[in-house]
Amino acid sequence: MPITNIHRRLGRWAEFFEGQFNLPAASATSIRLSCPPWPVTTDPPNEAGVSKTLQLLKRYKSPGPDDLPPALFKDGSDFLTKELTVFFSKVWELESVPTSWNESIVNPVFKKGSRRSFLQVTRDDDKNRIRKAYHEMARKHHPDRQKTSENKIKAEERFRLINTAYEILSDPEQRTEYDYMLDNPDQMYYHYYRYYRRRVSTKVDVRLVIISILLIISSIQVSFIITVVLEMCLRCDYYNYL
């Protein structure tokens, strides 16, 4: 039977929550947790650790801002491993890393529908039709043509998608890649690999990159040796003067 009186209803709620929250105190016995030892070593870098890290690199992972593919380091032989160990040891001693190591590249992935849907074109349309459709949609959805701030934000997002669609569909090679991806969706990740491999291979000569890395590492070593020698010479001159 429902309780209609407000005072009886409040009393019933108090009785209910009194049984819920007023529980007996927990036991005072101490609980000891066993923590496994930390598996990460704090020792300076060594060749074995650097070699193991290079082996764990994914060969076809996209490169960073320096356009150096991981395959370059995996195939650099023992000589590159030794030079990298010296370089990392220097970083370990200085307790400082270059600011460029904090940089990264963010590649937007087109996920919102088909690229052709934003330009309102079909697969059979030629390049002139795609260019005409792009100009029409760009004029229609340009952010400067919007009056309210809300519509302007939506137009900016739409305008970026239209530009991305036109960039892909106007290039014959990228358009072929895109059509192949639509016909073979099960190979999506392979498409990304082909894109990044083509992008890197047209810009980077692996031999020049290896030589550049070795020259940079050698220059760092030479500068360090010169600094040490100068300090020793200054000390010798000081003692001879005394």
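The count begins at 1 with the first shown residue.
Just so you know, glycine gets a Cβ as well, placed from its N, Cα and C.
Record features (TrEMBL):
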DOMAIN    114-182  domain 'J'
TRANSMEM  206-230  transmembrane segment
What are the DSSP helix/strand/coil residue counts across the domain 'J' (114-182)? 54 helix, 0 strand, 15 coil
Pop the mean pLDDT for the domain 'J' (114-182) in here, whole number is fine. 80
